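K.L.:
Structure incoming, see below.
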Amino acid sequence: MSDGDDASSAESTPANDGTRFDRLPATADERVVEGRPTREEVLDWWDERFAIPPETFDGHTFWERGSGKIWAFADDVDSPVAVEGLGLAFLRTRREHWKPTLEAVQRFGDSADECVIYLSREAAATFVAGDDQELDWDGDWGYLIVATEIAGESEPVGVGLYVHGELRSQVPKGRRREL
Amino acid sequence: MDVLERYESLVDDFDAFRAACDRPLPSVVRVNTLKTTVERAKAALTEADIAHEPVGWHDGLFALPDDQPGTNWPYVLGWIHGQEEVSAVPAAVLDPQPGERVWDACAAPGSKTTQLAALMDDRGLLVATDNNLGRISALRSNAERAGATNVAVTHEDARNHSLKPFRAPDSDVREGAPYDRALVDVPCSCEGTIRKNPDALDDWELDHVEGISGVQKGVLRRAIQTTREGGTVVYSTCTFAPEENEAVLDHALAEEACELVEFDLPLDSTPGVTEWQDERFDDSVERAKRIYPHHNDTGGFFCAKLEVTAE
(Lines of atoms letter the chains of each structure in order from A; the text may use other names.)
(Lines give C-alpha, C1' and ligand atoms only; values in the text may rest on other atoms or scores of the structure.)
Protein backbone atom coordinates (compact mmCIF):
# COMPACT_ATOMS: atom_id res chain seq x y z
CA MET A 1 0.00 0.00 0.00
CA SER A 2 1.25 3.46 -0.73
CA ASP A 3 0.01 6.94 -0.09
CA GLY A 4 0.68 10.32 -1.63
CA ASP A 5 4.00 10.81 0.13
CA ASP A 6 5.44 7.70 -1.48
CA ALA A 7 4.67 8.78 -5.04
CA SER A 8 8.13 9.49 -6.36
CA SER A 9 7.75 9.40 -10.12
CA ALA A 10 6.32 12.44 -11.88
CA GLU A 11 3.63 10.49 -13.77
CA SER A 12 2.24 8.86 -10.61
CA THR A 13 -0.73 10.82 -9.32
CA PRO A 14 -2.26 9.80 -5.99
CA ALA A 15 -5.80 8.53 -6.38
CA ASN A 16 -8.73 9.22 -4.10
CA ASP A 17 -8.98 6.58 -1.36
CA GLY A 18 -12.71 6.32 -0.78
CA THR A 19 -12.41 4.50 2.53
CA ARG A 20 -11.11 7.42 4.58
CA PHE A 21 -11.62 11.14 5.06
CA ASP A 22 -9.07 13.42 3.39
CA ARG A 23 -9.09 17.17 4.01
CA LEU A 24 -9.78 19.24 0.91
CA PRO A 25 -6.84 21.31 -0.30
CA ALA A 26 -7.27 25.03 0.28
CA THR A 27 -6.71 25.98 -3.36
CA ALA A 28 -5.92 24.39 -6.73
CA ASP A 29 -2.19 25.04 -6.15
CA GLU A 30 -2.29 22.69 -3.19
CA ARG A 31 -4.27 19.97 -4.91
CA VAL A 32 -2.52 16.61 -4.97
CA VAL A 33 -5.34 14.14 -5.64
CA GLU A 34 -6.77 14.47 -9.12
CA GLY A 35 -10.33 15.70 -9.33
CA ARG A 36 -10.60 16.55 -5.66
CA PRO A 37 -12.47 19.82 -5.18
CA THR A 38 -10.76 22.55 -3.19
CA ARG A 39 -12.08 24.46 -0.21
CA GLU A 40 -12.09 27.58 -2.37
CA GLU A 41 -14.24 25.88 -5.03
CA VAL A 42 -16.69 24.61 -2.43
CA LEU A 43 -17.10 28.06 -0.85
CA ASP A 44 -17.45 29.66 -4.30
CA TRP A 45 -20.08 27.13 -5.31
CA TRP A 46 -22.36 27.81 -2.32
CA ASP A 47 -21.86 31.55 -2.88
CA GLU A 48 -22.52 31.50 -6.62
CA ARG A 49 -25.43 29.07 -6.57
CA PHE A 50 -27.27 30.12 -3.40
CA ALA A 51 -25.56 33.40 -2.37
CA ILE A 52 -24.56 31.77 0.93
CA PRO A 53 -21.61 33.90 2.10
CA PRO A 54 -18.28 32.03 2.38
CA GLU A 55 -17.87 33.18 5.99
CA THR A 56 -20.87 30.97 6.88
CA PHE A 57 -18.37 28.10 6.83
CA ASP A 58 -15.47 29.83 8.61
CA GLY A 59 -15.58 27.39 11.51
CA HIS A 60 -15.65 24.27 9.34
CA THR A 61 -13.08 22.08 7.63
CA PHE A 62 -14.05 20.14 4.49
CA TRP A 63 -13.31 16.50 3.77
CA GLU A 64 -13.80 14.02 0.94
CA ARG A 65 -14.79 10.41 1.56
CA GLY A 66 -16.04 8.14 -1.15
CA SER A 67 -16.03 9.59 -4.62
CA GLY A 68 -16.90 13.27 -4.43
CA LYS A 69 -18.88 13.07 -1.20
CA ILE A 70 -17.88 16.18 0.75
CA TRP A 71 -18.35 16.54 4.51
CA ALA A 72 -18.31 19.66 6.70
CA PHE A 73 -16.67 19.18 10.11
CA ALA A 74 -16.72 21.74 12.92
CA ASP A 75 -13.23 20.88 14.19
CA ASP A 76 -9.89 19.95 12.62
CA VAL A 77 -7.84 16.78 12.92
CA ASP A 78 -4.84 15.39 11.10
CA SER A 79 -5.63 14.16 7.57
CA PRO A 80 -6.37 11.46 6.55
CA VAL A 81 -8.65 9.98 9.18
CA ALA A 82 -10.29 6.56 9.02
CA VAL A 83 -13.56 6.80 10.92
CA GLU A 84 -17.22 6.14 10.06
CA GLY A 85 -18.39 9.73 10.02
CA LEU A 86 -16.80 13.18 10.25
CA GLY A 87 -19.33 15.97 10.62
CA LEU A 88 -22.17 16.36 8.13
CA ALA A 89 -22.28 15.00 4.57
CA PHE A 90 -23.21 18.14 2.72
CA LEU A 91 -22.25 18.12 -0.95
CA ARG A 92 -21.79 15.70 -3.86
CA THR A 93 -19.08 16.72 -6.33
CA ARG A 94 -17.16 14.96 -9.15
CA ARG A 95 -20.27 15.16 -11.35
CA GLU A 96 -21.51 17.65 -13.91
CA HIS A 97 -23.79 19.45 -11.46
CA TRP A 98 -22.83 19.55 -7.80
CA LYS A 99 -25.66 18.59 -5.48
CA PRO A 100 -26.19 19.70 -1.87
CA THR A 101 -27.62 17.27 0.68
CA LEU A 102 -30.93 17.73 2.45
CA GLU A 103 -29.07 17.94 5.76
CA ALA A 104 -26.76 20.69 4.52
CA VAL A 105 -29.69 22.69 3.18
CA GLN A 106 -31.66 22.34 6.42
CA ARG A 107 -28.61 23.38 8.44
CA PHE A 108 -27.10 26.15 6.30
CA GLY A 109 -29.86 26.98 3.81
CA ASP A 110 -31.40 29.79 5.84
CA SER A 111 -28.42 31.92 4.75
CA ALA A 112 -29.36 31.47 1.07
CA ASP A 113 -30.66 34.36 -1.05
CA GLU A 114 -30.79 32.76 -4.49
CA CYS A 115 -32.20 29.59 -6.01
CA VAL A 116 -34.62 29.21 -3.10
CA ILE A 117 -38.13 28.18 -4.15
CA TYR A 118 -40.86 29.00 -1.64
CA LEU A 119 -43.73 26.52 -1.59
CA SER A 120 -47.14 26.60 0.04
CA ARG A 121 -47.45 24.21 2.95
CA GLU A 122 -49.45 21.85 0.77
CA ALA A 123 -46.87 21.85 -2.05
CA ALA A 124 -44.10 21.42 0.54
CA ALA A 125 -45.91 18.35 1.90
CA THR A 126 -46.00 16.90 -1.63
CA PHE A 127 -42.25 17.55 -1.87
CA VAL A 128 -41.53 15.90 1.51
CA ALA A 129 -43.56 12.85 0.46
CA GLY A 130 -41.06 12.45 -2.40
CA ASP A 131 -43.49 13.38 -5.18
CA ASP A 132 -42.65 15.53 -8.22
CA GLN A 133 -44.92 18.44 -9.16
CA GLU A 134 -45.40 20.95 -11.96
CA LEU A 135 -44.65 24.47 -10.77
CA ASP A 136 -43.72 27.86 -12.18
CA TRP A 137 -40.20 29.04 -11.44
CA ASP A 138 -38.50 31.88 -13.30
CA GLY A 139 -35.01 31.36 -11.88
CA ASP A 140 -32.17 29.00 -12.84
CA TRP A 141 -32.90 25.36 -13.52
CA GLY A 142 -31.05 22.76 -11.50
CA TYR A 143 -30.82 22.05 -7.81
CA LEU A 144 -32.88 24.43 -5.67
CA ILE A 145 -33.40 24.90 -1.97
CA VAL A 146 -37.06 24.16 -1.23
CA ALA A 147 -38.49 26.30 1.57
CA THR A 148 -41.84 26.76 3.26
CA GLU A 149 -43.19 28.82 6.13
CA ILE A 150 -43.14 27.11 9.53
CA ALA A 151 -44.01 28.90 12.77
CA GLY A 152 -44.02 32.29 11.08
CA GLU A 153 -40.73 32.12 9.18
CA SER A 154 -39.43 30.58 5.99
CA GLU A 155 -37.52 27.36 6.63
CA PRO A 156 -35.35 25.34 4.21
CA VAL A 157 -36.85 21.86 3.92
CA GLY A 158 -34.70 20.05 1.35
CA VAL A 159 -33.33 19.88 -2.19
CA GLY A 160 -35.42 19.86 -5.36
CA LEU A 161 -34.32 19.51 -8.99
CA TYR A 162 -36.12 22.00 -11.25
CA VAL A 163 -36.27 21.15 -14.97
CA HIS A 164 -38.90 21.59 -17.73
CA GLY A 165 -41.52 23.16 -15.49
CA GLU A 166 -41.28 20.40 -12.93
CA LEU A 167 -39.88 20.33 -9.38
CA ARG A 168 -38.50 16.87 -8.74
CA SER A 169 -38.25 15.93 -5.10
CA GLN A 170 -34.74 14.83 -4.10
CA VAL A 171 -35.76 13.90 -0.56
CA PRO A 172 -33.98 10.59 0.20
CA LYS A 173 -36.31 7.64 0.77
CA GLY A 174 -35.52 7.42 4.48
CA ARG A 175 -36.42 11.07 4.98
CA ARG A 176 -39.77 11.04 3.16
CA ARG A 177 -42.93 11.54 5.21
CA GLU A 178 -46.65 11.67 4.43
CA LEU A 179 -47.69 14.78 6.29
CA MET B 1 -39.21 -14.81 37.69
CA ASP B 2 -40.28 -11.44 38.99
CA VAL B 3 -37.16 -9.40 38.41
CA LEU B 4 -38.24 -6.23 40.14
CA GLU B 5 -38.91 -8.03 43.43
CA ARG B 6 -35.18 -8.38 43.98
CA TYR B 7 -35.06 -4.62 44.62
CA GLU B 8 -37.70 -4.55 47.36
CA SER B 9 -35.07 -3.88 50.03
CA LEU B 10 -33.70 -0.87 48.11
CA VAL B 11 -36.88 0.96 47.15
CA ASP B 12 -39.06 3.09 49.41
CA ASP B 13 -42.80 2.52 48.92
CA PHE B 14 -42.33 -0.61 46.86
CA ASP B 15 -46.04 -0.81 46.00
CA ALA B 16 -45.92 2.66 44.42
CA PHE B 17 -42.79 1.61 42.55
CA ARG B 18 -44.54 -1.51 41.20
CA ALA B 19 -47.63 0.46 40.24
CA ALA B 20 -45.55 3.09 38.40
CA CYS B 21 -43.69 0.36 36.46
CA ASP B 22 -47.04 -0.95 35.22
CA ARG B 23 -48.13 2.44 33.84
CA PRO B 24 -47.08 3.37 30.29
CA LEU B 25 -45.13 6.57 29.61
CA PRO B 26 -46.13 9.24 27.10
CA SER B 27 -43.87 10.00 24.14
CA VAL B 28 -41.40 12.73 24.97
CA VAL B 29 -39.46 14.90 22.52
CA ARG B 30 -36.40 17.06 23.03
CA VAL B 31 -36.05 20.28 21.06
CA ASN B 32 -32.90 20.31 18.91
CA THR B 33 -31.44 23.76 19.54
CA LEU B 34 -28.88 23.28 16.74
CA LYS B 35 -31.72 23.95 14.31
CA THR B 36 -34.28 26.03 16.14
CA THR B 37 -35.30 27.54 19.47
CA VAL B 38 -37.58 26.06 22.09
CA GLU B 39 -40.09 28.83 21.39
CA ARG B 40 -40.24 28.15 17.64
CA ALA B 41 -40.45 24.41 18.18
CA LYS B 42 -43.39 24.98 20.52
CA ALA B 43 -45.01 27.23 17.93
CA ALA B 44 -44.50 24.58 15.23
CA LEU B 45 -46.04 21.87 17.44
CA THR B 46 -49.02 24.14 18.12
CA GLU B 47 -49.32 24.94 14.41
CA ALA B 48 -49.33 21.18 13.65
CA ASP B 49 -52.07 20.75 16.28
CA ILE B 50 -49.89 18.43 18.39
CA ALA B 51 -50.61 18.61 22.13
CA HIS B 52 -47.38 19.12 24.07
CA GLU B 53 -46.70 19.62 27.75
CA PRO B 54 -43.43 20.76 29.36
CA VAL B 55 -41.93 18.13 31.67
CA GLY B 56 -41.01 20.76 34.24
CA TRP B 57 -37.32 20.29 34.99
CA HIS B 58 -35.93 20.72 31.45
CA ASP B 59 -36.92 23.62 29.16
CA GLY B 60 -36.50 21.67 25.94
CA LEU B 61 -38.44 18.49 26.80
CA PHE B 62 -42.13 18.07 25.98
CA ALA B 63 -44.48 15.17 26.58
CA LEU B 64 -46.77 14.43 23.62
CA PRO B 65 -49.83 12.85 25.29
CA ASP B 66 -51.62 12.05 22.01
CA ASP B 67 -48.86 11.61 19.43
CA GLN B 68 -45.73 9.80 18.40
CA PRO B 69 -42.96 11.90 16.88
CA GLY B 70 -42.21 11.13 13.24
CA THR B 71 -44.88 12.47 10.93
CA ASN B 72 -45.03 16.20 11.50
CA TRP B 73 -43.23 19.31 10.30
CA PRO B 74 -41.06 19.90 13.39
CA TYR B 75 -39.79 16.32 13.10
CA VAL B 76 -39.14 16.54 9.34
CA LEU B 77 -37.09 19.70 9.92
CA GLY B 78 -35.02 18.02 12.64
CA TRP B 79 -36.36 20.39 15.29
CA ILE B 80 -37.46 17.64 17.67
CA HIS B 81 -36.04 14.27 18.61
CA GLY B 82 -37.91 11.48 20.40
CA GLN B 83 -36.13 10.79 23.68
CA GLU B 84 -37.40 9.41 26.97
CA GLU B 85 -37.38 12.04 29.70
CA VAL B 86 -34.80 10.48 32.06
CA SER B 87 -32.57 9.73 29.10
CA ALA B 88 -31.89 13.49 28.95
CA VAL B 89 -30.29 13.38 32.41
CA PRO B 90 -26.70 12.17 31.76
CA ALA B 91 -25.82 14.66 29.01
CA ALA B 92 -27.15 17.48 31.21
CA VAL B 93 -25.04 16.22 34.13
CA LEU B 94 -21.95 15.95 31.89
CA ASP B 95 -22.52 19.61 30.93
CA PRO B 96 -20.08 19.77 27.98
CA GLN B 97 -18.96 23.21 26.83
CA PRO B 98 -18.49 24.61 23.30
CA GLY B 99 -14.97 23.92 22.02
CA GLU B 100 -14.22 20.99 24.32
CA ARG B 101 -13.18 17.45 23.38
CA VAL B 102 -15.88 15.02 24.42
CA TRP B 103 -16.32 11.25 24.04
CA ASP B 104 -19.69 9.52 23.87
CA ALA B 105 -18.51 5.96 24.49
CA CYS B 106 -21.70 3.98 23.71
CA ALA B 107 -23.36 6.43 21.40
CA ALA B 108 -25.92 4.67 19.17
CA PRO B 109 -28.63 5.42 18.32
CA GLY B 110 -27.59 8.97 19.13
CA SER B 111 -30.23 10.66 21.31
CA LYS B 112 -27.61 11.64 23.83
CA THR B 113 -25.02 12.37 21.13
CA THR B 114 -27.27 14.95 19.52
CA GLN B 115 -28.07 16.40 22.92
CA LEU B 116 -24.33 16.69 23.66
CA ALA B 117 -23.73 18.37 20.28
CA ALA B 118 -26.45 20.90 21.06
CA LEU B 119 -25.01 21.59 24.53
CA MET B 120 -21.63 22.18 22.82
CA ASP B 121 -23.33 24.54 20.37
CA ASP B 122 -21.83 22.29 17.65
CA ARG B 123 -18.29 23.49 18.45
CA GLY B 124 -15.32 21.38 19.51
CA LEU B 125 -14.92 17.64 18.93
CA LEU B 126 -17.55 15.10 19.88
CA VAL B 127 -16.38 11.54 19.24
CA ALA B 128 -19.30 9.10 19.12
CA THR B 129 -18.41 5.42 19.34
CA ASP B 130 -20.39 2.24 18.88
CA ASN B 131 -19.37 -1.35 18.19
CA ASN B 132 -22.30 -2.31 15.96
CA LEU B 133 -22.44 -1.17 12.33
CA GLY B 134 -26.22 -1.35 12.14
CA ARG B 135 -26.56 0.88 15.16
CA ILE B 136 -23.88 3.21 13.77
CA SER B 137 -26.06 3.72 10.73
CA ALA B 138 -28.88 4.93 13.02
CA LEU B 139 -26.41 7.08 14.96
CA ARG B 140 -25.15 8.76 11.79
CA SER B 141 -28.64 9.30 10.52
CA ASN B 142 -29.77 10.90 13.79
CA ALA B 143 -26.66 13.10 14.02
CA GLU B 144 -27.20 14.30 10.45
CA ARG B 145 -30.91 14.92 10.94
CA ALA B 146 -29.98 17.04 13.94
CA GLY B 147 -27.60 19.01 11.71
CA ALA B 148 -24.62 18.29 13.98
CA THR B 149 -21.27 18.99 12.31
CA ASN B 150 -18.94 18.38 15.26
CA VAL B 151 -19.56 14.63 15.58
CA ALA B 152 -16.91 12.10 14.53
CA VAL B 153 -18.30 8.55 14.48
CA THR B 154 -16.03 5.58 15.22
CA HIS B 155 -16.76 1.87 14.94
CA GLU B 156 -14.87 0.04 17.66
CA ASP B 157 -15.20 -1.62 21.02
CA ALA B 158 -15.21 1.27 23.47
CA ARG B 159 -13.02 -0.76 25.86
CA ASN B 160 -10.19 -0.43 23.33
CA HIS B 161 -10.98 3.10 22.14
CA SER B 162 -8.12 4.78 20.30
CA LEU B 163 -7.32 8.49 20.30
CA LYS B 164 -5.08 8.07 17.23
CA PRO B 165 -7.59 9.31 14.63
CA PHE B 166 -7.96 12.60 16.48
CA ARG B 167 -4.44 13.95 16.42
CA ALA B 168 -4.05 17.65 15.79
CA PRO B 169 -3.21 18.55 12.16
CA ASP B 170 0.44 17.80 11.30
CA SER B 171 1.09 16.68 14.87
CA ASP B 172 4.15 14.57 15.67
CA VAL B 173 2.29 13.03 18.59
CA ARG B 174 0.75 9.64 17.82
CA GLU B 175 -2.31 10.12 20.00
CA GLY B 176 -4.89 12.87 20.06
CA ALA B 177 -5.27 14.96 23.21
CA PRO B 178 -7.25 13.39 26.04
CA TYR B 179 -10.90 14.31 26.44
CA ASP B 180 -12.27 17.03 28.67
CA ARG B 181 -15.38 14.95 29.32
CA ALA B 182 -16.76 11.51 28.57
CA LEU B 183 -20.25 10.10 28.69
CA VAL B 184 -20.44 6.40 29.57
CA ASP B 185 -24.08 5.49 29.02
CA VAL B 186 -23.51 1.77 28.83
CA PRO B 187 -25.54 -1.10 27.39
CA CYS B 188 -27.45 -2.58 30.33
CA SER B 189 -30.28 -4.90 31.31
CA CYS B 190 -32.71 -2.01 30.73
CA GLU B 191 -34.95 -2.75 33.71
CA GLY B 192 -35.78 0.94 33.95
CA THR B 193 -37.33 1.00 30.48
CA ILE B 194 -40.20 -1.34 31.45
CA ARG B 195 -42.75 1.48 31.15
CA LYS B 196 -41.80 2.12 27.51
CA ASN B 197 -41.18 -1.50 26.64
CA PRO B 198 -43.26 -3.98 28.66
CA ASP B 199 -41.17 -6.85 27.23
CA ALA B 200 -37.93 -5.41 28.61
CA LEU B 201 -37.58 -8.03 31.34
CA ASP B 202 -38.75 -11.10 29.42
CA ASP B 203 -35.22 -12.32 28.76
CA TRP B 204 -33.70 -11.16 32.06
CA GLU B 205 -31.04 -13.50 33.42
CA LEU B 206 -28.60 -13.00 36.26
CA ASP B 207 -25.85 -14.39 34.02
CA HIS B 208 -26.51 -11.57 31.57
CA VAL B 209 -26.41 -8.93 34.31
CA GLU B 210 -23.09 -10.26 35.55
CA GLY B 211 -21.65 -10.60 32.05
CA ILE B 212 -22.64 -7.14 30.93
CA SER B 213 -21.24 -5.74 34.15
CA GLY B 214 -17.80 -6.80 32.93
CA VAL B 215 -18.28 -4.83 29.71
CA GLN B 216 -19.51 -1.82 31.67
CA LYS B 217 -16.40 -1.88 33.87
CA GLY B 218 -14.14 -2.02 30.82
CA VAL B 219 -15.83 0.91 29.09
CA LEU B 220 -15.84 3.08 32.22
CA ARG B 221 -12.15 2.37 32.83
CA ARG B 222 -11.24 3.32 29.24
CA ALA B 223 -13.22 6.54 29.57
CA ILE B 224 -11.32 7.49 32.71
CA GLN B 225 -7.99 6.63 31.03
CA THR B 226 -8.75 8.81 28.01
CA THR B 227 -9.99 11.82 30.01
CA ARG B 228 -7.56 14.46 31.25
CA GLU B 229 -6.83 15.04 34.92
CA GLY B 230 -9.57 17.28 36.28
CA GLY B 231 -11.91 16.17 33.51
CA THR B 232 -15.41 14.79 34.02
CA VAL B 233 -16.83 11.34 33.33
CA VAL B 234 -20.53 10.59 33.70
CA TYR B 235 -21.62 6.97 34.13
CA SER B 236 -25.25 6.06 33.52
CA THR B 237 -27.56 3.11 32.98
CA CYS B 238 -31.29 2.60 32.64
CA THR B 239 -31.35 -0.23 35.14
CA PHE B 240 -31.71 -0.80 38.88
CA ALA B 241 -29.23 -3.66 39.29
CA PRO B 242 -26.40 -2.73 41.72
CA GLU B 243 -24.20 -5.19 39.80
CA GLU B 244 -24.40 -2.79 36.83
CA ASN B 245 -24.37 0.42 38.84
CA GLU B 246 -22.59 0.79 42.18
CA ALA B 247 -20.44 -2.34 41.66
CA VAL B 248 -19.10 -0.87 38.40
CA LEU B 249 -18.29 2.44 40.11
CA ASP B 250 -16.63 0.60 43.01
CA HIS B 251 -14.44 -1.26 40.50
CA ALA B 252 -13.43 1.97 38.72
CA LEU B 253 -12.60 3.67 42.02
CA ALA B 254 -10.30 0.77 42.91
CA GLU B 255 -8.58 0.50 39.52
CA GLU B 256 -8.37 4.04 38.08
CA ALA B 257 -7.46 7.56 39.22
CA CYS B 258 -10.88 9.04 39.86
CA GLU B 259 -13.37 10.02 42.51
CA LEU B 260 -17.12 10.38 42.64
CA VAL B 261 -18.38 13.93 43.00
CA GLU B 262 -21.68 15.42 44.18
CA PHE B 263 -24.01 16.94 41.60
CA ASP B 264 -27.39 18.60 41.51
CA LEU B 265 -30.31 17.07 39.68
CA PRO B 266 -33.70 18.74 39.33
CA LEU B 267 -35.43 15.37 39.72
CA ASP B 268 -36.15 13.39 42.88
CA SER B 269 -33.66 10.61 43.44
CA THR B 270 -32.12 8.42 46.13
CA PRO B 271 -28.40 7.91 46.81
CA GLY B 272 -26.40 5.02 45.42
CA VAL B 273 -26.43 1.94 47.67
CA THR B 274 -23.30 0.86 49.55
CA GLU B 275 -24.44 -2.70 50.23
CA TRP B 276 -26.00 -5.31 48.01
CA GLN B 277 -26.37 -8.96 48.91
CA ASP B 278 -22.92 -10.04 50.12
CA GLU B 279 -21.06 -7.06 48.71
CA ARG B 280 -20.07 -3.76 50.26
CA PHE B 281 -19.06 -0.84 48.03
CA ASP B 282 -16.97 2.27 48.57
CA ASP B 283 -18.96 4.74 50.68
CA SER B 284 -18.64 7.44 48.01
CA VAL B 285 -21.00 5.54 45.68
CA GLU B 286 -23.72 7.26 47.71
CA ARG B 287 -22.96 10.30 45.55
CA ALA B 288 -24.55 8.51 42.60
CA LYS B 289 -28.27 8.97 42.04
CA ARG B 290 -31.00 6.38 41.60
CA ILE B 291 -34.06 7.64 39.77
CA TYR B 292 -37.14 5.47 40.36
CA PRO B 293 -40.31 5.51 38.23
CA HIS B 294 -42.62 6.48 41.13
CA HIS B 295 -40.57 9.50 42.23
CA ASN B 296 -40.98 11.70 39.12
CA ASP B 297 -43.33 9.58 36.99
CA THR B 298 -40.48 8.73 34.58
CA GLY B 299 -38.51 5.66 33.54
CA GLY B 300 -35.86 4.30 35.90
CA PHE B 301 -32.29 5.53 35.71
CA PHE B 302 -28.90 5.56 37.42
CA CYS B 303 -26.36 8.36 37.07
CA ALA B 304 -22.97 9.10 38.62
CA LYS B 305 -20.46 11.90 38.06
CA LEU B 306 -16.72 11.25 38.37
CA GLU B 307 -13.72 13.54 38.32
CA VAL B 308 -10.46 12.21 36.95
CA THR B 309 -7.65 12.72 39.48
CA ALA B 310 -3.85 12.50 39.43
CA GLU B 311 -2.38 8.98 39.32
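Glycine is no exception: its Cβ is also placed from the backbone N, Cα and C atoms.
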K.L.:
Which of these, B:Asp59, B:Asp66, B:Asp67, B:Asp157, does TrEMBL list as part of the S-adenosyl-L-methionine site with B:Cys106, B:Ala107, B:Ala108, B:Pro109, B:Gly110, B:Ser111, B:Lys112, B:Asp130, B:Asp185?
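P.N.:
Record check against TrEMBL: S-adenosyl-L-methionine site with B:Cys106, B:Ala107, B:Ala108, B:Pro109, B:Gly110, B:Ser111, B:Lys112, B:Asp130, B:Asp185, extra candidate from B:Asp59, B:Asp66, B:Asp67, B:Asp157 is B:Asp157.
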K.L.:
Give me the Cα-Cα distance between B:Gly110 (S-adenosyl-L-methionine binding site) and B:Cys238 (active site, nucleophile), rounded to a whole Å.
P.N.:
15
K.L.:
Using a 10 Å radius around each Cβ and counting other Cβ atoms from all shown chains, which of the binding-site residues B:Ala108, B:Gly110 yields the largest count?
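P.N.:
Top count of Cβ atoms within 10 Å goes to B:Gly110.
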K.L.:
Do me a favour and check the Cα-Cα span between B:Lys112 (S-adenosyl-L-methionine binding site) and B:Cys238 (active site, nucleophile); whole Å is fine.
P.N.:
13
K.L.:
Just counting, how many other CB atoms are there within 10 A of the CB of B:Lys112 (S-adenosyl-L-methionine binding site)?
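P.N.:
Excluding its own Cβ, B:Lys112 (S-adenosyl-L-methionine binding site) sees 26 Cβ atoms within 10 Å.
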K.L.:
Cα of B:Ala108 (S-adenosyl-L-methionine binding site) to Cα of B:Cys238 (active site, nucleophile): how many Å, rounded?
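P.N.:
Pair distance, Cα basis, whole Å: 15 Å.
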K.L.:
Using Cβ-Cβ distances, find the residues under 8 Å from B:Asp157 (S-adenosyl-L-methionine binding site) that belong to the same chain and are at least 6 apart in sequence, listing them in sequence order.
P.N.:
B:Asn131
K.L.:
Ten-angstrom check, please: count other Cβ atoms within 10 Å of the Cβ of B:Cys238 (active site, nucleophile), all chains counted.
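P.N.:
Counting Cβ neighbours of B:Cys238 (active site, nucleophile) within 10 Å gives 27.
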K.L.:
Where does B:Lys112 (S-adenosyl-L-methionine binding site) sit in DSSP terms: helix, strand, or coil?
P.N.:
helix
